[in-house]
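Peer 1: According to Swiss-Prot, the domain 'ATP-grasp' annotation covers 164-373. Annotation source Swiss-Prot lists ATP binding site at 196-251. Residues annotated as Mg(2+) 1 binding site in Swiss-Prot: Asp327, Glu340. The Mg(2+) 2 binding site annotation in Swiss-Prot covers Glu340, Asn342.
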Amino acid sequence: MSTTHETPEATAEGDKPCIAVVFGGRSSEHSISLITARSVLRAIDRDRWDVVSVGISTDGAWFLCSQEELEALLDDQPMAQLPVGVHRVSLPLQTGDSRLLIHDTSEHGAPLSRGRHIDAVFPLLHGPFGEDGTLQGMLELADLPYVGCGVAASAIGMDKHFMKLAFQAAGLEVGPYTVVHDRTWRTDPLGVREAVAELGFPVFVKPARAGSSFGITRVDEPSQLDAAIATAREHDLKLVVEAGIDGREIECAVLGGHGTDEARASLPGEIEVHGHALYDFEAKYVESDGATLSCPARLPEHVIDTLRRDAVRAFHAVDGEGLSRCDFFVTADERVLINEINTMPGFTPISMYPRMWAASGIDYSALIDELITLALERPVGLR
């Protein structure tokens, strides 16, 4: 698969487009974002792009954080949180002013030291306040191109309830589920228990708007339900309860198309989890042997074709741009059910999204180039 595209015209400040790699953030996935950013900063082509790296603390402060500082932090503490740096940054949020304003907040620093022209932003934040449309809306206000989905797609892709509605509207098959709103649980818990029982056990109780499998519990019998709901509510007061599906877990990666070209789907991969009841946080990010990926998945060719087609359909169902990862179940009778879409999938060395593209002919560095190029080609604003 060819991925060669011309580098956009360089800016006046340098001979290469300047990309702001942004990471950290206020969500529970802060540490995962740092691991993702370290991988991208190691692999990005410095001959093609100028790079400025920007951290966001858990309380929302933006500041310069060099690759060396990030590497040292993660070497010392693999699941670290960013300390606030002295060189704070901000965006002017003004059309035509594509600068990253850099403030020196050290004891004797000037109130404003300089501005840095930015051509595009590569947001590597996971979860709320990062991949849910909030950051994307701010970048739209700042008139800055950025990698990945826009405001609406990001918001839909963060909410397991609304993404399922979008899938169903597009004619994609989803498994049985029910939604538990905060008010409903507080005023009618018996009704919630009855609705869940109608799904049949086992079920999976999930926060509607959390990622990386935070707060997810498998429930095998009614007596376990209330505790699972309490666990999920620590992450989100809106929950989705899904019926357990007897099927294989298959993923497919999607890349947006250039211009009027169709979006592209990778070869699908199959996740095999080791030593865990489900594909949880530890299996995804901590244990290198927590899960294995077979890519391409060992499936009949017509099922692979269906998965790739449905991944692109799901991408368009949420108005996707740039990238996404779609998660499916394939049953013994070859039914394909879509479970979720992730508009900012994991991007670490053991993450499924880059591994599926590597198996499909696009290596990690080339994938980063492709995503940045797609961002620079795309206008901001209504499109």
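Here the Cβ of each residue, glycine as well, is placed from N, Cα and C on the backbone.
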Peer 1: In DSSP terms, helix, strand or coil for Thr231 (ATP binding site)?
Peer 2: helix
Peer 1: Given the binding-site residues Val196, Ile245, which one has the fewest other C-beta atoms within 10 angstroms of its C-beta?
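Peer 2: It is Ile245 that, of the binding-site residues Val196, Ile245, has the fewest other Cβ atoms within 10 Å.
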Peer 1: 10 Å Cβ neighbour count around Lys238 (ATP binding site)?
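Peer 2: Counting Cβ neighbours of Lys238 (ATP binding site) within 10 Å gives 18.
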Peer 1: For Asp327 (Mg(2+) 1 binding site) and Asn342 (Mg(2+) 2 binding site), determine the Cα separation and express it in whole Å.
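Peer 2: One finds 8 Å between the Cα atoms of these residues.
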Peer 1: What is the number of other Cβ atoms found within 10 Å of the Cβ of Gln224 (ATP binding site)?
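Peer 2: I count 16 other Cβ atoms within 10 Å of it.
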Peer 1: Restricting to the chain of Thr231 (ATP binding site) and a gap of 6 or more, list residues whose Cβ falls under 8 Å of its Cβ, or answer none.
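Peer 2: Those within reach of Thr231 (ATP binding site), by Cβ under 8 Å and sequence separation of 6 or more, are Val205, Gly215, Thr217.
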Peer 1: Quick check for the class: what is the C-alpha distance, in angstrom and rounded, between Glu340 (Mg(2+) 1 binding site) and Val196 (ATP binding site)?
Peer 2: 20
Peer 1: State the count of C-beta atoms found within 10 angstroms of the C-beta of Val203 (ATP binding site), not counting that atom itself.
Peer 2: 24
Peer 1: Below 8 Å Cβ to Cβ and six or more residues apart, same chain only. Which residues does that give for Ala210 (ATP binding site)?
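Peer 2: Listed in sequence order: Ser28, Gly127, Pro128, His235, Asp236.
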Peer 1: Between Asn342 (Mg(2+) 2 binding site) and Lys238 (ATP binding site), what C-alpha distance do you get in Å?
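Peer 2: For Asn342 (Mg(2+) 2 binding site) versus Lys238 (ATP binding site), the Cα atoms are 18 Å apart.
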